[in-house]
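Trainee: Would you mind keeping the following structure in view while I ask a few things?
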Amino acid sequence: MATQATAEKRPGFFPQLLEALVRRQEAGILVVSVGLILYFYLRNPAFLTQGNIQTLAQFMAATAIVASGLVMVMILGEIDLSVGQAFAFAPIVMWIAYDQLLLVLPLAVVIGLLATAAVGLVNGVMRVFFGVPSFVATLGMFFLLGGLNVILVAGFPKPAPEASWLKSALGAYPYAGIMWALVILAFMHVLLNYTRWGMHTFATGGNFIGAREAGIRVDRIRIGNFMLCSMLGGFAGILEAMRINSIDPLAGGAEIMFLAISAAVIGGTPLAGGIGTVFGAFLGALALSVLRNGFTLQGVSAFTFNVILGITVLIVMVLNVYVITRLRKGRRVT
């Protein structure tokens with residue numbers, strides 16, 4: 001009778017197939033990305049020219065780096081809306097340290113990153129110790145930094161530091177951005193999947209009360225991941241400032257933030273928390289970059305890209321909710 005009951009509860013072929021595909025979402029996104037590349041190449045051979053590949057890599061790098069930081073926060077069931085403004089804040093603080101305080105560039109870069117770490121610290125403290133929802137806390141920080149960025153440079157872009165080996169390594173070299181993105185991808189993958197910090201991040205996001213009762217320092221995990229997210233957003237901004245040789249107070253903002261969140265969601269990190277993958281976020285950034293670049297070459301409106309992006313995010317979220325629900329039901333049955 002028990003065997004018969006178990007057999008009756010077993011899902012059919014198509015639900016099992018759907019669940020398997022979503023669980024291996026990275027593979028699906030990779031297939032979609034390759035398909036998009038082939039499609040746009042057949043429509044326009046210029047898509048795979050060296051110049052366009054360079055453009056594609058430069059656009060993708062910033063989104064992938066910001067998305068990798070957001071994954072750490074989203075696994076916790078939180079969100080960081082201020083990361084787009086941290087993108088502009090770090091290079092501005094770097095410029096002040098370098099141009100106004102006359103510090104050497106390496107030290108100025110470190111100060112810029114520490115400034116964004118402080119932003120993440122404030123976000124984390126607001127969430128952990130004051131109980132402010134991360135959506136509200138980081139939304140307030142988004143507007144605060146947006147105004148502060150403009151005030152600090154009097155509303156005008158500033159030139160990036162003079163040419164040096166560090167400037168070339170951080171962005172002046174055409175493929176520096178994507179190289180840094182790959183290094184960060186490898187580091188974050190190891191951090192998330194092969195360290196105690198990553199294990200505790202998953203545990204905190206999956207079952208906060210259970211993780212705390214198990215002795216995990218959940219407050220430190222949450223604050224630390226907010227700091228890491230802001231720092232990666234700031235680092236992506238520094239790379240972009242070095243690449244375009246300009247420090248723009250209006251850089252990043254809502255656009256890079258929403259693109260990075262979309263990349264993370266498409267890559268298999270739902271807003272509900274508990275699960276996530278940095279590699280998936282990287283592939284999500286690849287798919288979005290290919291789609292946007294391909295549309296640009298074909299003269300398709302940016303509004304069309306936004307429509308397709310919105311539809312994609314909605315579909316992926318529905319699939320994620322479906323799989324999470326099935327997994328939770330499975331745990332209750334066992």
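Even glycines carry a Cβ here, placed using N, Cα and C.
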Trainee: Between the candidate ranges 85-103, 104-122, where does TrEMBL place the transmembrane segment annotation?
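Mentor: Going through 85-103, 104-122 one by one, TrEMBL flags 104-122 as transmembrane segment.
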Trainee: Same chain, outside the transmembrane segment (27-44) by at least 6, Cβ under 8 Å from its Cβ: which residues?
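Mentor: For the transmembrane segment (27-44), the list is 21, 266-268, 280, 283-284, 286-287, 290-291, 293-294, 297-298.
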Trainee: Any residues 6+ beyond the ends of the transmembrane segment (172-192) with a Cβ under 8 Å from its own?
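Mentor: For the transmembrane segment (172-192), the nonlocal Cβ contacts are 54, 57-58, 60-62, 64-65, 68, 71-72, 75, 163, 198, 201-202, 232, 235, 239-240, 242-243, 245, 276-279, 282.
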